[in-house]
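As recorded in TrEMBL:
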type: DOMAIN; residues: 1-186; note: domain 'Cytochrome b/b6 N-terminal region profile'
type: TRANSMEM; residues: 22-45; note: transmembrane segment
type: TRANSMEM; residues: 79-98; note: transmembrane segment
type: TRANSMEM; residues: 104-125; note: transmembrane segment
type: TRANSMEM; residues: 132-155; note: transmembrane segment
type: TRANSMEM; residues: 167-185; note: transmembrane segment
Amino acid sequence: MSNQHALLTSNLLPVGSNISTWWNFGSMLLACLMLQIMTGFFLAIHYTANINLAFSSVIHITRDVPYGWIMQNLHTISASLFFICIYTHIARGLYYGLYLNKEVWLSGTTLLIILMATAFFGYVLPWGQMSFWAATVITNLLTAIPYLGITLTTWLWGGFSISDPTLTRFFALHFILPFIIISLSS
């Protein structure tokens, strides 16, 4: 056993004896999330959360803002890399049987649900025809919750149909949820 491996498996660091390169994905997730937050901040500076101007503001970022196309591509590509890393991270946990540690596994499941919500809110932000349809269909699933579903859907929409308050809420949630993910994962 090498000195480095002996240091890792001693009492100094709380790691198992099966430490391998599969354990790097947590750090890669943090790197992807930091890139998402940095590029998202610069995109949010130029984005307009209005149903009449949202798609035009995305086009404006891509065409007119200096290096806006790089920021937009880095944001979307790092989101895809983030999901590759998260699913690999989950697969490693399944392979090593880490689901038996219920507290850690349930906190990871909570983080995954928040991550999926963040991705959905970001998908809706360009407010094109498909994202408008997705916002309508997916948020209508809330009406399946007994007693509270219709109230939750009306609150999320900001009225009785998808409109400007919906886009504003989705933008605010898409902006704040990555910080909640960081706070929950630390």
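One is the number of the first residue shown, and numbering goes on along the chain from there.
Cβ from N, Cα, C; glycine included.
TrEMBL annotations: computationally assigned, not manually curated.
These numbers come from a predicted model, not from an experiment.
Residues 15, 61, 68, 71-72, 74-75, 78-79, 81-82, 85-86, 88-89, 92, 95, 171, 174-175, 178-179, 181-182, 185 of the same chain sit 6 or more residues outside the transmembrane segment (22-45) yet have a Cβ under 8 Å from a Cβ within it.
Counting only same-chain residues 6+ beyond the ends of the transmembrane segment (104-125), those with a CB under 8 A from a CB of the stretch are 47, 49, 54, 58, 79, 82-83, 86, 90, 93, 98, 131-132, 134-135, 138, 167, 170-171, 173-174, 177-178, 180-181, 184-185.
Counting only same-chain residues 6+ beyond the ends of the transmembrane segment (132-155), those with a CB under 8 A from a CB of the stretch are 120, 123-124, 162, 166, 170.
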